[in-house]
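Asker: Before I ask anything, let me first share the structure, which is written out below as structure tokens.
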Amino acid sequence: MASSKGTKSKSKSGFSVTTLVTAGLVALAAAYFAYRGRQHFRPPVLSPLKAPKLTDLAEFDAAYKDQMLWGSYRSGLYFGMRTRTPKALLSGLLWFDPDDPNTLNEMRARHEAKQGDGLTTYGWKRHDGRTYGTQELVDGEYNITLSMLKSFGPESGPGGDWSVRLQLARVPGIPSRRRRISVVMYLGDEDAPRQPWQVLPDGEVADLRSGPATLVSGASSALAGRGGGRWALHALETTSASVSSSRSRGCRVDYLGMGMEDKGYLLKVKELMLSTMWERLERQPSSNRFRLYLPNGATTSADLALFQVTCVLPSAVDFAFTSSGAVESGGWGERLGSLLGPGLDEALAAKQADFDERFERIFGAGMRRQRQPGASDAGASSSSSSSLPEGTLEVSRAALSNLLGSVGYFYGSSLVRTGGPDSEPQPYWPAPLFTAVPSRSFFPRGFLWDEGFHQLLVQKWDPQLSRDVIAHWLDLMNAQGWIPREQILGEEARTRVPAEFVVQNPSHANPPSLFLPIAKMASQLVAAAAATADTRGADGEELARVSAFLRRAWPRLEAWYSWFNVTQAGPAASSFRWHGRDPSAVGELNPKTLTSGLDDYPRSSHPDDSERHLDLRCWMALASQAMYDIGSSLGLSPPVVERYRAAASLLSDLGALRRLHLDEAAGRFADWGTHTEDVQLATRVITVPGPDGQLQPQSVTQRVVTGSPPRPQFVPQYGYVSLFPLIMKLLPAGGDGGDAGSGSGGADLTLQQLALLQDPSLLWSPYGLRSLATSASLYKKRNTADDPPYWRGQIWINMNYLVLRALSYYAAAGGSGGDGEVARVAAAAHDELRLRLLKTLVGNYRRNGYLYEQYDDESGRGISSHPFTGWTALVTLIAAQEY
Ligand SMILES: *[C@@H]1O[C@H](CO)[C@@H](O)[C@H](O)[C@H]1NC(C)=O
Ligand SMILES: *[C@@H]1O[C@H](CO)[C@@H](O)[C@H](O)[C@H]1NC(C)=O
């Protein structure tokens, strides 16, 4: 394009205006067609499904979005607030010892939640998912109690105001070297600020004790709307009067305000902070004491500001973020009175009481409920004492709170492999994801199949919040009906994922576990339709929202269902197969099935197209029934609904299930495939060209067949997969009304499966159900030298929960009123398994301060990543017997 200057002179020298206009139009048209072309040629795999978005539903209106704008949505940090906007205004917390050279030498400042930091414990004790949370962080000698509260006063602008209280103390009983602590609260804007930031607008702060001090103010696009996006951050020291009066000085404040040349700085706040403190130290070589302070300076173009508050222990500091409202100095008056100091005490106490009352209302009765004598007495293995382990209430609250408190907001594009294995990954469309995460330290991002379990708990607590999360997930569906299984959106998420896991494969599935909470919603509608109850009032409104949600979800669920039905179909009629196992993965003892969610759980030893995967078939049975329930309760036309009824009855037909998956000789359900038990990893030495071109010996470990060659057969590895017919309630409940399919009403088969379930030599351990039988040939076997066992014996809570859910169903469903043999056995097994799990989970939490990813089946110890408060948080539903 010519510059305007050039245009003018050419115009004078005879260039007509028409020529210019025409040239402009041509350029415009070219740009338009290029744009159209891009739209047109964007392959379906990278295009969103053409259907109205769930996140646009009326219930997620402006008022809802305003209430949810701010939250502790930076899942991967010990603490951070951000806005639910593509470009966030965000805050974060760091802490360190300002007097310890190791803070610099070992970069010992806490920011990102990391297992390697070795905190004694940390996590939310209470968090309501919307407005309030309180977290305890115990870091060696430091004990930090952090409370967060959002409030919406008459003067608040968009997103409301929020407060953070930090109570800084020593852990009693530990001889302490540390006298002081520095906490750093920072704010950063991912977008260009709307107005220049003013760092310390009222001048430097000598003392935080005399009254609230305004640390920084600015304006942000994230808060645009009323008040022009203006905001400010304030602080007040609230150390108790008795402690405070004995000291000459209060907490000191140091600061840094800087302009980010690159928004990537936000990912390096810790490094940035330490390096500026080091520079300040270097400038004062005369000082003989080691002290780390920010340099106290700010540029006029700041969009990142750090405030270091250094206190002698014990102390307390409150921060308040205000949106809009008074900007002039001293104009905050009463508003800050309720956000900081004594005003905040009351609000926090009220919120804590609300939380406890609501928790009791939702989960209390279920936690105390005991089976009627008679039903549980009948079980041979029933425990003598069925009272809950001490601390169950505390752990259940913490589990729920951590699941809610680690819900995050992410924005960005997944990388997707659309061509062959060597093709360049392509970006998915940029989109938001609002989701819970499995683990703040290890997996601070969204995982498709984990989310189905997370939402079972969230929907009991806050059904609308849960629908919001599910809406975000379903809106990520592409035009083919696929949803990427691991969501690594935005730089903050991407920096924490090894490169090989970043790229998603659009032909790979993941269990459609979102159908678990979705089926729950459908059953609400079915129950409401069956009851003649009055559907006006609050319940009626909630049902209307569920109904609107499912109606909007329907085209997406159809596309998702159909994607599975078509792309994951198995070789035999009504069989299914997890596609994507790699037959050439000869370095693995048993080629992994990452798609199934069960990673290294043993499948057939030689992957090929003949495989039939039992778990996937049972997931499809669940999905079919849910689709039928949704379709019929929404009153969709019979031909539409009929397909799912037919699918549900085909997949729950006992005859077909037995033919495809029951190893009659062993009496166990299993996968089918090309398999031999006689495999092992063997190390051989081969020669390969070295860097200098010379051939060199190198040892490689490969799977070798040591005995009978692979042949088509049932895969004789009894474990979680074998339980799926029970888990998905596909076995007859017995009693007089039991489904036929085998001679005796089918109850014998169910009883036989329940007996296997409780066999201690198989899965039934003192601590919960292990993933693979001790008698299985791959029990606790490594898959490669670097791959320790993962789903080969360890106890996982999501699967244990599903088994409890099924047992509870059989306990109630067998015969009339649950008094048949199946019901009695199932009830006893349920009660015993529940108690064992609670003892394991509660005991570990109380001893070690965490919930874990897995539990060891021999010692009951928590193992692998922690805190793992994704599906392990189902402990709350287990305690409350909510299935
Ligand atoms: C940490 O402090 C809180 C109160 O602020 C207290 O309830 C808790 O017991 C303390 N924890 C430890 C390990 O000192
Ligand atoms: C699933 O696929 C099978 C086989 O192609 C087809 O017969 C059936 O109608 C499909 N089910 C649904 C509900 O679309």
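Using the three backbone atoms N, Cα and C, a Cβ is placed for every residue, glycine included.
TrEMBL labels come from automatic prediction, so no person has curated them.
Among the features that TrEMBL reports, compositional bias 'Low complexity' is placed at 374-387. According to TrEMBL, the compositional bias 'Basic and acidic residues' annotation covers 600-609. What TrEMBL lists as domain 'Glycosyl hydrolase family 63 N-terminal' is 67-192. Look at TrEMBL and you will find 344-880 tagged as domain 'Glycosyl hydrolase family 63 C-terminal'. Look at TrEMBL and you will find 368-389, 587-609 tagged as region 'Disordered'.
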Asker: State the residues, same chain only, that lie 6 or more residues beyond the ends of the region 'Disordered' (587-609) and have a CB under 8 A from a CB inside it; answer 'none' if no residue qualifies.
Answerer: 449, 485, 508-511, 513, 571, 577-581, 615-616, 671-677, 679-681, 700-703, 710, 715, 717, 719-721, 771-772, 776, 778, 781-784, 787, 789-792
Asker: Could you give me three numbers for the region 'Disordered' (587-609), the DSSP helix, strand and coil residue counts?
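Answerer: Result for the region 'Disordered' (587-609), in helix, strand, coil order: 3 helix, 0 strand, 20 coil.
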Asker: Report the DSSP secondary-structure composition of the domain 'Glycosyl hydrolase family 63 N-terminal' (67-192) as helix, strand and coil residue counts.
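Answerer: Summed by class, the stretch gives 9 helix, 60 strand, 57 coil.
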Asker: For the domain 'Glycosyl hydrolase family 63 C-terminal' (344-880), report the average pLDDT of the model, please.
Answerer: 92
